[in-house]
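The domain 'Metalloenzyme' annotation in TrEMBL covers 26-550. Summarising the annotation, TrEMBL assigns Mn(2+) 2 binding site to Asp34, Ser87, Asp477, His478. Summarising the annotation, TrEMBL assigns active site, phosphoserine intermediate to Ser87. Residues annotated as domain 'BPG-independent PGAM N-terminal' in TrEMBL: 107-329. Per TrEMBL, substrate binding site is recorded for His146, Arg176, Asp177, Arg212, Arg219, Arg292, Ser293, Asp294, Arg295, Lys368. Residues annotated as Mn(2+) 1 binding site in TrEMBL: Asp436, His440, His508.
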Amino acid sequence: MSADMADVNPSSEWKLKPHPVLPSGKPCVVCILDGFGENKYKDEYNAVHSARTPNVDKLRENAERCRFVQAHGTWVGLPSNDDMGNSEVGHNAIGSGKVYKQGASLVDAALESGDLFKGDGFAHVKQAFEGHTLHLIGLLSNGGVHARYEQLKQLFQGAYEHGAKRIRLHILTDGRDVPDGSSIEFVGQLEKDLEQLRAKGCDALIASGGGRMHVTMDRYEADWEIVERGWKAHVLGEAPHTFTKALDAVTELRKLPKANDQYLEPFVIVDGEGKAVGTVQDGDAVVLFNYRSDRMVEISKAFEYENFSAFDRVRYPKDLKFAGMLQYDGDLKLPKNYLVPPPFIERTSGEYMVKNGLSIFACSETQKFGHVTFFWNGNRSGYFDEKRETYVEIPSDKCPFNEKPDMKTREITEAGIAALKSGKYDLLRINYASPDMVGHTGSLEATIRACETCDECLGELLAEVDKLGGVYLVCSDHGNADDMVQRNKKTGQPLQDANGVNMALTSHTLAPVMVAVGGAGLKDSVKMRDDLPEAGIASITATFINLCGYEAPSDYCPTLIKTD
């Protein structure tokens, strides 16, 4: 660990006060079991409950050192408590120790006030309205994690009112944050709304699409072929499937073997002569209407960067007026133009720690690597202090995650244990991705396996913490694996399709999440506070800062622990 503090002299505004009871100098592990919620439905369809998890069970049994906190809605900066939390806002909260208004809230406010249509970003896009096409690309969903249908509707209606004469929609079907099969309903509604727009004189059509996990919405550069499929469909008008109507496209493609909304094949809408109705041409405008950043960064690079080598774009439209709903990477300034300013998250825990001489290790696999780095650090790429930070990414498998439900949990554990044994680090933050990522597949059996592997590996990791006299905090960022079926809201019983088969739930949940502290190096006097019944996950931050031997900044959400 960072024993040499001679080169550290933080200014008074950054200096952390020593904790009056808890000592510094012990390694502290923060382990996030991603998507591992505590659901009220404790039955066979709750993978967290059904899995054999002796290590997590042991943590839960120690009531003085384990509690549950909220990880959704207003606790993570979303508009209402009906909004599910997600990994982006969850890691923002855990990394920053505060609650910031997040994507959906920011966009809602900008649309309600009309500010979205008055800003520089919209003015940039508006330059294309006379004589060119406005293209809108994003997730067709009301799941509230990446995008909302009502926002999309307000966007294209507002664009028309501000002069857009030709609009093309490039839609990505969901089936992940909303039920599989709901794409048909969403496309049907979109067609009706566009028909009304056409009746007013606007040439508005759906031009292309595909499933979110197969087309366009890759993240962390896990599989650029996903983005390439989107580029070919949206920009070039090329896809293995063509249709004259989008509703026919979604309906027919869902009939293919193993097809679902998430992995729908790319398609292009063509006219009666077989010509694509909405390719992106020189001088056009393109807006990505998702507000969440992680799955928009790569397609943003393809549109924004003139020098680009991830795949052959074949044709790069000139004089393109490109913008994101938000700026998806503040450090890269990507995109340069955006419709709604993102939350400004400053003074995160990582920055405080390196300024106070602490060394940090962060590790996950590709699917969640950005969460323990970029999102944790307040939507900031790179290091605060490269000498004091080590970030390790374990490449994720390129396959449906239910096929390999262990994902890279064991490799992450090995890297974490090696980092612990090195003695170099004061804080180690580790994310196990599989409960969330496998949970999104809808496979109950695979998700149970993912939870069991996480528990086994967690036991190995915490055993090493104990050997070294360290401390730990185990938590999650939101629910998911804790409920794998759609339910009757009144009875809680599983909903079934026309064939009597339970309907899988692939989305996050509103469940609270566990926070447990422990370790051989933790003083016996440390217990969970009993005066914060409505605490959220932003309070985790002050808690692990305490475990590192420091008092948290005064403007952070209150710690969950007491020492008397």
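Keep in mind that glycine also has a Cβ here, set from the backbone N, Cα and C atoms.
Comparing Cβ neighbour counts within 10 Å across the binding-site residues His146, Arg219, Arg295, His508, the minimum falls on Arg219. Listed binding-site residues near Asp177 (substrate binding site): His440 (candidates Ser87, His440, Asp477; Cα-Cα distance within 10 Å). Long-range Cβ neighbours of His440 (Mn(2+) 1 binding site) (same chain, at least 6 residues apart, Cβ-Cβ under 8 Å): Arg176, Gln262, Phe401, Asn480, Thr506, Ser507. Sequence-ordered, the extra residues of this chain that approach the Mn(2+) 2 site, with Cβ no more than 8 Å from the Cβ center of Asp34, Ser87, Asp477, His478, are Ile32, Gly35, Ala71, Gly85, Asn86, Gly90, His91, Lys368, His371, Asp436, Ser476, Asn480, His508. Cβ neighbours of Asp477 (Mn(2+) 2 binding site) (same chain, under 8 Å, six or more residues apart in sequence): Ile32, Asp34, Gly35, Ala71, Gly85, Asn86, Ser87, Gly90, His91, Ile94, His371, Val513, Ile537.
Here His478 (Mn(2+) 2 binding site) is positioned 7 angstrom away from His508 (Mn(2+) 1 binding site), judged by their C-alpha atoms. The least crowded of the binding-site residues Asp34, Asp177, Asp436, judged by other CB atoms within 10 A of its own CB, is Asp177. Using the Cβ center of Asp436, His440, His508 for Mn(2+) 1, the list of other same-chain residues with Cβ within 8 Å runs, in sequence order, Asp34, Gly35, Asn86, Ser87, Arg176, Pro435, Met437, Gly439, His478, Asn480, Ala481, Thr506, Ser507. Cα-Cα distances to His478 (Mn(2+) 2 binding site) place Asp436 within 10 Å, out of the binding-site residues His146, Arg219, Asp436. Sequence-distant neighbours of Ser293 (substrate binding site) (same chain, 6+ apart, CB under 8 A from its CB) are Glu88, Gly103, Leu326, Tyr328, Asp329, Pro342, Asn379.
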